[in-house]
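Asks: Sharing a structure, written as structure tokens. Questions coming.
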Amino acid sequence: MQSFHVLQLIAVGFGGALGAMARFIVSNQVYAWWGRDFAWGTLVVNSLGSFAIGLIMILMIDKFHASVEMRSFLIVGFLGAFTTFSTFSFETYSFLQTGEITKAMLNIGVSVLTGLFAVWLGIWTGKQFFSP
């Protein structure tokens with residue numbers, strides 16, 4: 001079993017708290033703008049988080065050589081709490097339970113494809129603007 005430093009644990013905790021608050025704010029604002037007919041809030045935070053992880057990984061590895069504590073804060077803590085697979089799964093299940101099969105399938109397809117595209121876009125952006 002690999003050990004970790006207490007500072008990593010603290011970094012994950014603080015990052016997680018901030019990420020959870022950011023997710024709450026962003027997803028609620030998205031629902032206020034676009035309504036709750038579809039899982040818009042979850043789709044937006046997961047897409048933003050996917051873009052951010054691609055960009056941040058390039059920046060931390062190629063540009064800034066970030067410490068393990070900073071990586072733990074941003075990737076595991078902040079983005080781990082900001083994005084949410086469990087909410088995506090529950091919303092999809094709820095669509096299925098209410099017979100909204102099209103919405104369920106759309107949620108799965110759009111979420112996965114948007115997430116993959118956002119990661120690619122984040123990596124591409126990082127390499128275009130920040131790599132040597």
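Cβ from N, Cα, C; glycine included.
Per Swiss-Prot, transmembrane segment is recorded for 6-26, 41-61, 73-93, 104-124. The Na(+) binding site annotation in Swiss-Prot covers G80, T83.
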Asks: Compare 41-61, 73-93, 104-124 by their Cβ pairs under 8 Å to the transmembrane segment (6-26) and return the stretch that comes out on top.
Replies: 73-93
Asks: Can you check which residues sit near T83 (Na(+) binding site), meaning Cβ under 8 Å from its Cβ, same chain, 6 or more apart in sequence, and list them in order?
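Replies: R23, V45, N46, G49, S50 - these are the non-local Cβ neighbours of T83 (Na(+) binding site), listed in sequence order.
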Asks: What residues, ordered by sequence, lie under 8 A Cβ-to-Cβ from G80 (Na(+) binding site) and sit at least six positions away in the same chain?
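Replies: For G80 (Na(+) binding site), the qualifying residues are V12, G15, G16, G19.
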Asks: Which state, by DSSP, holds G80 (Na(+) binding site): helix, strand or coil?
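Replies: Note: G80 (Na(+) binding site) is helical by DSSP.
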